[in-house]
Structure formats: C-alpha cells, structure tokens
Amino acid sequence: MPNILKRWVESDRRTLRRLSNLADKVGAYADDYAQLSDDDLKAKTPEFKQRYQDGETLDDLLPEAFAAIREGAKRVLGLYPFHVQIMGGIVLHEGNIAEMKTGEGKTLTATMPVYLNALAGKGVHVVTVNEYLSARDATEMGELYNWMGLTVGLNSAEKSPEEKREAYQADITYSTNGEIGFDYLRDNMVVYKEDMVQRPLNFAIVDEVDSILIDEARTPLIISGQSEGTSALYRRVDRFAKTLHEKDDFKIDLESKTVALTDTGIEKAEKYFNLKNLYDTDNTALTHHMDQALRANFIMLRDKDYVVQDGEVLIVDSFTGRVMDGRRYSDGLHQAIEAKEGVEIQEETKTMANITYQNLFRMYKKLSGMTGTAKTEAEEFREIYNMEVVSVPTNKPVVRVDEPDLLYPTLESKFNAVVKEIKDLHEKGQPMLIGTVAVETSEYLSQRLDEENIPHVVLNAKNHAKEADIIQNAGQRGAVTIATNMAGRGTDIKLGPGVVEIGGLAVIGTERHESRRIDNQLRGRSGRQGDPGMTQFYLSLEDDLMRRFGSDRVKSFLERMNVDGEDAVIRSRMITKQVESAQKRVEGNNYDSRKNVLQYDDVMRQQRDVMYGERNQVINQDKSLKWVLMPMIKRTVDRVVSLHTQGEQSDWDLDTLLDFGISAMVSPDKISLDDLKNKSADEIKAFFMELAEDVYAEKQKQLYDPAQMLEFEKVVLLRVVDSHWTDHIDAMDQLRQSIGLRGYGQLNPLVEYQQDGFRMFEEMISDIDYDATRLFMKSEIRQNITR
C-alpha cells in the first residue's frame, strides 16, 4: 500500500510540475501582450483562428491564446488570472477535472480554455447546475468574450427553438445540464431538419462537475407522453400496504433501501386481492404497483425525500436539499406517494425518449470539469468518463482549522450542544454557516434558535429563490445562516469588515452526509483565498449514517471509554476515521449503483445510437429514400415467405402468402393464388419484389415531383419508426423493472436484460420493416402530406 501511495504522490507531483512549466510559457508572453493596444489585442482572435485553419493545433496556440485572453480579462473585467489559475485552465483544456478550492476563481480559470477551444469554431458549452449561474456567467464573462471578438449564447428552458438555435450557433454557449440533455432528445424527435437546434456536441466544461456527473448521474432525462391512468389501482394497493406490519409482513433493508414481502405478507396479498399466486405473470402490473406502494409507505420519508405543498408531492434533491421543480419520480413511484399522502393522483406517463447524464456527456468529443471537491471520486471519473482529477494548488495556503468530530449519544444532546456553540459564537459576532442534511432538521434548528432569540436566515428546499442573495451575506459580522447541504453553491461567501480578526466564517455541520465530498463542500465554504475559518461536525449515535453503518463499532468504543449519560461527548480523530470508513462504504455502494445504471443504460445507448443515426439519415436525405425502403420490403418478403414455405412444397401455406400480398403489398386485383403456385420459394420472393418495384414506379409517376416523393417516403418512415421506438423504450423500461426478480433464480439480471433487450430490438426492427412495407405499398397518395 505505501508503494502505491508513493507512486500516486509522485505522479501528482510530476503532473503539477508539467502544468507549472506550461503556465510559465503563458506567463512569458505577459509583458509583450500588456504593450499591445486594445485593437491589436482584439486582432489576435482572427489571427489565431486563421493559424488554426492553416494547420496549427490548439495545443500549439495555447501559450499565446491563454496570454491574450488573460490580458483581455485584466482590461475588461479588472481581473488577472494567477499562475495556479492558468494551470487549472490547462487541466480543463486537456479534458480533465480541475479540483480548485472554493473562492479560487473557477469562473475566471475557465475563460482561458473556453477562449482557446472556441477558436476552432465548433462550439464550446459551459455547463452549470442552475439557470441563475448560467445567466450570471454568460453576462459577466460574455463581456470579455464579446470584447475579444467571440459570440456568446445563453440557452434556457423558456427560449423558443429559434432562440435556442441561435444560442447553440454561438462560439460559446452557457446552459444548464438538463437543458442540453432535453434539447438533444428533442432534436432526435423532430421531423424536419430545420427544427433541430444543436450542433454536434464538441467540447464542454462542466462547472460543479461532481454534482452533475456523479450526484445526478443516475437521474435519467425523460421526455414522456400520457399513459393510461390507473389511479384506482394505486389507491387500492396503498390501502393494502397500510394494513401491513414490519417484520411480520415485510422486511426493510436499510442499506439498499428496499422492502420485500415475507411469506405472511404474500399470503395476505393473495387473500386481499383474491389471487392464487401473487407472482403469476398475469399479475405483473399489480406486483409493480405493490412494490411502489411499499417503497412509498416505508422507505420514502415526507420532508426528507419529498414535501407536500398545495396538494402536490414535490421531490427534494437529497444532495442540495432543494425542491426539484417539475421533476417526478418515474415508474409509478410518484403516483404511489400521491396515494399515500391522499392527494390527487396525476396520470402516469409513457417514456418517449430518455438518456442519462452519464451517456449524454460521454458523447462530447472532449469533456472537462471543475469543482472544489472531486478527489474522493477520482476512480469513478477515470473509469466512467476517462477524466483524471488534478488538484490545483491554492493561490494562498489554506489556514482554516478543521476540528475533529464531536459525538453525542442522542440527537437531543447533540442539538443542545449545537445551539450552545451557536450562542457562544454569536455573542462574539463570528458569522456562521450551519449545514443540515434534511429540510426538517433546518426547521427544527430554526425553531430552537428562535427560542434563544438568535436572528438567523434559513435556506432550504422551501425557499431557494433568494439563495444567492442570502449566501452572499453569510460572511457578514453576526450573520447566522442555516442551509440544507449545498444550497447556494457557486456563490462565494465573502467576509465582511472585522470578521477576519474574530476568526472568519465558522462552519457547523449538524450531521455527516453519506458522501465525504458533500461534507468537504460544506467545509470548503470557509477559509477561501487564505481567509481564517473553522469547521466542526456534531454527530450522534441516532444519526442516519451512524444507524446504518457506524454505530456498533462506535458504541463498543464508547463502552470501552466508559462514556455514558445524556451529556457525554467524545472528541476523537478515531471517531472521525470511523465515520469516514462508513462513508467510504456508502460511496462504494453508490458508485456500484451508478455503474450498474450505466451498464443497463449502455444497452439502451447502443440501440439509441442505431435508431437516432438511421432517423437522422432519413431527415437529412435530400434525394430518394428508395435505398432505405426497398431493403425493408425485401427483408419483410424474405421473412414472410420463408416462414410459410417450410417442408414439402405440398405443405406450403400459399393462402396465407396470398393474404399477405393483399393486406400488405397490392390491391386484390393485382394478385391471385395462381401467381404463387408452381414456383420455388425464391421465385415467390422475386415475384413479390417485382410487385414492389411496380408500385414504387407507379407512386413516382403519381408524384411527378421528386421532392414530393421524398416527402412521402419520409412520412412513411418517420411515422412507423417513431411509433415503434417509443413503444420499445417503454417496453425496455418495464423489462428493466421486472428483470431484478430473475436474480432470485440464480440468473445474472444484467445478462438477461442484454439478451432480452437485443431480442426485443430485433423484433422491433422486424415490426418496423413490416409496417413500413404495408404503409408505403398500400397508402393512397395525397398531394398535401405532412409528417
């Protein structure tokens, strides 16, 4: 182990040395560029573009381009990137992750690789976690890019397709991750090329990259249509779930957050729903609803996982503590929670297009990201995204003091200690940021502070509209801010007058999050740019994390230390280590789970690539699509004829072939049984293909304008493909829900999913061939056809 660590440290040192040397080359141009007039500096942009067109690479241009935009930033923004920021910029240009501590100027760092890569003219996307940050950065940094002669676009949800297209055509586009994903999916659902808004995905710099590529990795982006509502079934199953008792009827696995019926529970269900066998294939819809009702009633917690506002169930993001507007749990879980809470059940939806962030961002030719906390997830970034995490040194040393964790026996004794600490610090005027994991904790703490007459503001999922303003003032003397997790991320907490002298910003964590990275983010709000600061986490044996993973070992440790009583407290590095090892286990579980999602989504990705690729070929075609249609007809003819001409000729089913000819190929007067008799199977196939050629020629004659013929072909293909593809996505979703049960039969669910998914995909292709054949051959031609 020591050898491995030594190699890692050496490798990191070598990387930083190389980056520092390259940053020196950028610095070498500083004096020359400072002498240039504004016009001469601006003229560098077209000069670099021309040199790129003439064969120089972006790597060749890096030292001069970085120096030019650095000088531009000094003149336009009054900010001059430090040496370490240039190093961070190089990391981003190379398609890796720059881990830069809070307050080290990530936004300014990104200007250098953004400018350099925009010179290629293929588009650069700067991706942020919310629209507030997108708009802020597009406005502030856009001033610099515009001055240097580049165009900047801002993409947001409320923009029209025309405005979106314009934003994507710009050299640099600011957008949230969700909007890029939905635009990608919508682009692959349009029926006219002109309706597409995106260019091919070229280079993205993802701000708060850990939040987007790790915390949200499992969140699929889904475009859906209405499905048949089944609210009566949700209510009925919910009523049943509420009759069950834990241990007797069902068991909860806290680690994996799953609920399973016991034999007694299964018997109760069969009696309640009057069934012989609950797990019969005829009952899959019922068992699916039951799984969701069990999760809704016994796993999903109100005010932690979701809140109920104005008769609506709203999801709370477990990482940021924010309400996720417009998001609904899929697969009927949301409806099950609505039934549990007795609010109106909204219709279930059918998935029409979907993709995970993992697969969306892996489609970029080059991807990079920046964040204050990524090192703990370095392995995941390397394995899934092929990106290295480079910890960029701070401009000034970090002088913040991180105290060892304090551990209390109960929640009550812990919160008494937290309130006392807040009171003490408030008396000397030191500003505090108090981090909580759940909305209910922030409200409970707020109530306790009201009782003590301590003025404070609460930032949680219920009021995040003003979060940037609140967080900006959190560093003023006497400010007390309670925030769920990473509310206000991306906004700096600057210290007010006189705060440095009393110790800077104090960060108090009321619980450890299951991810070390989220704890590190909270710590990182204090001690920016060499400011003083202090962080302290308060834990209790009744905390979620301790209950799930840490408590047995810690309890025995407390017993050995003879610690008892309500007010007992332990401050020990050993406790901190225990907690971190519990967190590593959770992180390991979460990583495995994300990897698992990716393996399943990769099956869909391959299918999606095939379908979207074919679809785009059809949409972009400007001549004839005969080369697509005729092979589809041939595959259909070959399959149908082969199926009905097996064995001896006397056993062939010519009547069914005649029916096929009439229903899918031509009118009854064009074919008879005599046409099929006394022919070999190959001759029958050839006969059908002759008919197809005749019909094609006839339609061409009717539509004498080639453009109209092409439009007719596109209508046929797009209608058939889209209808079958959306059904297929939905079927794959259902397959995925049910596949886990096969794990109990000693089968590997992933392998089963891959095999069944492939078989279903092949069946869909056959169905598309058949329906396209029938629609093309049998359609009446109209002049005004629309897709």
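Including glycine, each Cβ sits where the backbone N, Cα and C put it.
The annotation in Swiss-Prot ties GLY103, GLU104, GLY105, LYS106, THR107, ASP492 to ATP, and of the candidates under consideration, GLN85, GLN476, the one tied to the same site is GLN85. For the binding-site residues given as GLN85, THR107, the lowest number of other CB atoms within 10 Å of the residue's CB is seen at THR107. Cβ proximity to the ATP site centre (mean Cβ of GLN85, GLY103, GLU104, GLY105, LYS106, THR107, ASP492, cutoff 8 Å) flags the following additional same-chain residues: MET100, THR102, LEU108, THR109. In sequence order, LEU79, PRO81, PHE82, GLN85 constitute the residues six or more apart from GLY105 (ATP binding site) in its chain with CB-CB distances below 8 Å.
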